[in-house]
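*Asks:* Okay, here's the structure, questions in a sec.
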Amino acid sequence: MSSEQEFVTPRKVPRETGATQKSLSRSARPSQSGASENSAYNSGTFKSNTFKIQVDELLAQIRPRHGARESAAENALHRLKGIIEAIPAGAPLSVDDAERGLLMSSKVVIPFMEPRPPKDAKYKLEYSKPSSINVVGSYALKTASRVEAVAAIDMLVTMPTALFQDKDFLNYRYFYKRAYYLAVIAAALQSACETEYSTRFKYHHDNPFKPIIVVAPNAHKSSSKGKTSSSKWEINILLSTSADVFPPEKLLPDRNCVRNAVDNSSEGGAIATPFYNSSIRSDMLVSSYLKLSHSAAKDCAAFVDACILGNTWLRQRGLGSDIQAGGFGLFEFSAFMALLLSGEGNLRPILGSGYSSYQLLKATLQLLATRDFSKEPLIIGSTSGNVKATGRGAPIVWDGQRQHNLLFKMTPWAYRLLRLEARTTLSMLSDQNFDGFEAAFIMRKDLDLYRYDYVVALSKGLLGPDNASPGQAPLQKYRQLYEVLERALGDRVNLISITAHRSKAWRVDYADPTQRSEGEIRVGFVINPATVHRTVDHGPPAEKKAEAAQFREFWGEKAELRRFKDGSILESLVWSAKESGQSVFEQIVRYAISKHLGERVEKDVQIAGESFARLLSGTASDTNSQGSLEAFRQFETDLRGLDGLPLSIREIVPADAQLRSTSLTSIRNQRQQIPADVVLQFEGSARWPDDLVAIQRTKIAFLLTIHSQLAGSSETATARVGLENGEHDVLNQAFLDVTYDSGASFRLRIHHDREQTLLERRLKDKALDPRTKEVAALGLAKYRRDYVKLPAFTQAIARLCSRYPALSGTIRLLKKWFASHLLDNHVADPVIEMLAARTFVQPWPWQAPSSVQTGFLRTLHWISRWDWRNEPLIVDLSGSGDLKQPEVQSIQTKFEAWRKLDPALNRVVLFCASSVDQDGTAWTDGRPQKVVAARLTALARAACAEVVDKGLDLQPASLFASPLADFDFVIHLNSDFMLNAKSSRKSNGSSAFKNLELDVDTDASRVGYQPLRDFTSEVEALFGAAVLFFSGGEERAVLAGLWQPQTADRAWKLNLGYSTIPRIGSEGEEDVRAEINREGILAEIARIGGDLVKAIEVNRR
């Protein structure tokens, strides 16, 4: 290919066609059928027809097309090509003369890597005309995405073979000559088009061996005309050489190509330099891989679209070809997929050419997820050598024909992250109840606080310079940090990932500024919740001297020899759960960094991951609820031990947040006892009456019997019968409060299944009046909610809390967030719990959270994106796929029916269904209102914006604070009446006497007394027609209000439902207007509240 040849222009690739193949095995044969891709969709190749439409729309939006910026970039390409071709050949120069000559003539500093070439080097640096200049990469293949902010185009300049000697692959000589060649081109460009374009150096994909030139429109010129689309491009000038300039066998990964002056003996005992060798090979194979991709695009019609989808998938996860971005980007993905399509050698292709774009993507991800290339290298094509795993976690995908490891830039942590993302995506796409399109291709998931359970930040400068061994890969200090943390944490973590700022371009007249140790290193951890809090670690037994010595060498003074109950004597580590207020995880991280990297580094460490959990009153797990569950088991035992009951007990089931590990307080940890609801059901009997009123009276008789039996059988329990629903005699009339001396309290109600039949019969009776039917409908809804759905919901959530240790803390923190933003009286507890549970059972695009922080933040993230007007919340609370696709479709049908029945969303705003409540309205019928749901979305979006803006500097308390100025008035309540008040209330001066104060707190008649909740309920019942109240519950002693829109000034009318003041309108005495009596209503609220109300603040009159 001559230098006069025109650029390789991007060719048009036809749309996806061809039949599909279901097998993804190595022996899969490519399909030769010419059936259309639509048949592939219909045969189940794609997840659903909706998914197919979404993929097609996405591809239509992101496929590259020729526009203003592409035209401007192509004009620049031709201009740059002409300048480079006009550079005259130069005479061979020594290193010193070459540096001085460029610096004096063009003020260009040669971008030599470290170590710099010796001044007395015997070889010469020379420039001669390139063998060819072509456009390569994603622009040539049309695999780049149109959504990129800047169109990046790769121009490949091939250096002539004559510039290099046979031994130039040794001791950096190739890279020194390459750097000089690049500097000559930069000098020519700088001189010829300095006013038009900016010319800068940059490391290609963060590889310090391979600087490139980045040409972009001059910033001054662009700013004077405005930042138009035609200026949003950049051209990367890459260097390569011919594929046969050096023998491939000399650059195999197990060879040493960097030899010091002392030891220039045989390569057998020298350290291998795989990264160095592969960096040279990659320069030799640019054209070869371009041809491979062109061939794949020609043979497989869906190849280009699959590359575009793969690039989108990688970008949304923060993965790319840069070493700091993982070393696996569009080039690696497309080359890997092309190799799988070609097979090469005597092997059959792993992928079929008839695959659709979605199949190609999914099959490639499946291979990445299921095969560990760091333990078992993937060899494609024939190879002459024996390719073995390195043993340090580096992956190997060996291209046998080209003798090259495609993944040579990947670090062990980046490869593990890539495999985790691939596994997660495959699981997500296999979830038939979840539309994985948005999570796979639209959502960004690379934000640290969402992706990782813990994030450790430390200064890059404190680690010191990256003094890698000669020829080794960069990031050696990072590798040391990774190995220390991996060994220290062991099975406490499932993933460790290290990221730092990517290298930036620098001016050609400057030395490389990226060598400075500046910036921040972040280490992300995905923890194992089952082991992360373990306080004792077992090491090797004392008999194994070598292993024990290594253990002690690593852990130092922390290691100790201990004898355990089974008689074993082991090296051990003991961590204190309460040492200095640090968790076990933080203690291990800080100790390991201090011992192996230095105390200065440890003192600089910033750890994010536990600050949210500290906001909870108890621990972040469900251990705080164990006392409640033990008390419930004791209560159940006492009930089943009663002998004088007329019927035997069928079941006693919990139906309260305190008994499913989701309450903000434990029943044993309350200043006032709030009883936990429990439902009791007797065995069936024909002696039950067949009348609703009589059934309620019979329940009272049963409760009185249980009361008397408990009084005689238990000395530690006090029981009291209470009445409720006195205005409707067909509803449940009584309950039994049982309080133990330990502080645990339960509220027992009796469930009789005949009630449902009788209530349904009343609803169908046409002879009954509307009021009676209304009460029957109310009773039926309450029956199903309290006796059927709530107990099943409690058991389901309790099981999930056992399966996911972080779920309990996530739910409680989310409840605290709702209450802190004054939404306590609008959103029922089960709705909040379903929102949190969804993050765990449908965690996509992440895996299930392992910490309270990630669970909480991801839940807010989903709420901020939830379009509740058009999407129902559907949660499979079984966590094991019990909610099948037909049931999901039925729920969706019910949701659509509600939206047609109530298009204005006056009754059901949030539709929240689950595997135990497929109706979706049990806890959202009537509440919250549309304005409240809109505020919920706005608050969640504001919280997510704060997370993105602050990053690791985020203060958790800031997410729980919202201004009160948004409300028309604010009622400040006396915090002494809150359940978690730290100081005892002073009532009528009685608190001056300690014994009277204790009597108040232990008074059985005060069980279930919640003055803040009762006050909120009363003012809502009295003034709800005029005011929309917002309560902070037990978290924030505030009751705020907004005047309802219907209370605006209007014509006088009787029975408006709220207090008004008549006044004369603008049209005279005949025009009498009704103005809401705001002062009177607020005064009445203050009167009702009494000592509960501290002050009323009016923001708007």
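For all residues, glycine too, the Cβ spot is worked out from N, Cα and C.
According to TrEMBL, the protein carries these features:
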type	residues	note
REGION	1-43	region 'Disordered'
COMPBIAS	18-43	compositional bias 'Polar residues'
DOMAIN	153-298	domain 'Nrap protein'
DOMAIN	302-443	domain 'Nrap protein'
DOMAIN	475-597	domain 'Nrap protein'
DOMAIN	621-801	domain 'Nrap protein'
DOMAIN	804-961	domain 'Nrap protein'
DOMAIN	964-1096	domain 'Nrap protein'
*Asks:* Give me the mean pLDDT over the domain 'Nrap protein' (475-597), rounded to a whole number.
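*Replies:* Value for the domain 'Nrap protein' (475-597), mean pLDDT as a whole number: 88.
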*Asks:* Can you count helix, strand and coil residues in the domain 'Nrap protein' (302-443) using DSSP?
*Replies:* 68 helix, 10 strand, 64 coil
*Asks:* For the domain 'Nrap protein' (475-597), how many residues does DSSP put in helix, in strand and in coil?
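*Replies:* Secondary-structure composition of the domain 'Nrap protein' (475-597): 51 helix, 34 strand, 38 coil.
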*Asks:* DSSP on the domain 'Nrap protein' (153-298): how many residues come out helix, how many strand, how many coil?
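*Replies:* Output for the domain 'Nrap protein' (153-298) reads 68 helix, 28 strand, 50 coil.
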